[in-house]
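Quick look at what TrEMBL annotates:
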type	residues	note
BINDING	LEU17, GLU22	substrate binding site
BINDING	ARG107, LEU108, GLY109, ARG110, GLY111, LYS112, GLY113, TYR114, TYR115	ATP binding site
Amino acid sequence: VIDHPKYRESKRIAIFLSMPDEVQTEDIIKDIFKQGKECFIPRYKPQSNHMDMLKLSSAEDISSLALTSWNILQPSDDDTGREEALAGGGLDLIFMPGLGFDKKGNRLGRGKGYYDTYLERCMKHPRGKPYTIALAFREQICESVPVTENDVPIDEILYEDC
């Protein structure tokens, strides 16, 4: 990941805080700060499909985050001092999680549409849609995954031996 040309040229990067069954992102987050880039992480709104990407101040900032009912760390609702990526300069790159992927860029998420809805909002930002890279295990690559008209294809999938 850290040698990828899109990563190297990106300054404003959104990345998920990984769950135990996902590609672990901690080392990527540490590198984002080591390289002097800006790091944004998701804050999901329960009972909706709304998600914001909020700025982290450092890799250590993660330890101050609240644990959700889904067992995901994220800024709490009363944490209002963080920049939301689309309220500022937008994003260059989004690393995306998922349950399954196909080689046509289709992604099977967890069913709420958070990332698809967020990407639709990105397309309305002056910077436009950021480049999207899914981080996957080889076992998550499928012949095809089900999609709807609301699903936004991802630009690239990175997995072992891809």
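If you go along the chain as it appears here, the first residue is 1 and each next one adds 1.
Quick reminder: no glycine exception, Cβ is built from N, Cα and C everywhere.
Bear in mind that TrEMBL entries carry predicted annotations, made automatically and left uncurated.
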Students should find that the Cα atoms of GLY111 (ATP binding site) and GLU22 (substrate binding site) sit apart, in Å rounded to an integer, by 16
Close in space but at least six residues away in sequence, with Cβ under 8 Å from that of GLU22 (substrate binding site), the same-chain residues are PHE16, PRO97, LEU135
Rounded Cα distance in angstrom between LEU17 (substrate binding site) and GLY113 (ATP binding site) is 17
Minimal Cβ count within 10 Å, across the binding-site residues GLY111, GLY113, points to GLY111
Should one count Cβ atoms within 10 Å of each candidate's Cβ, the binding-site residues LEU17, ARG107 would be headed by ARG107
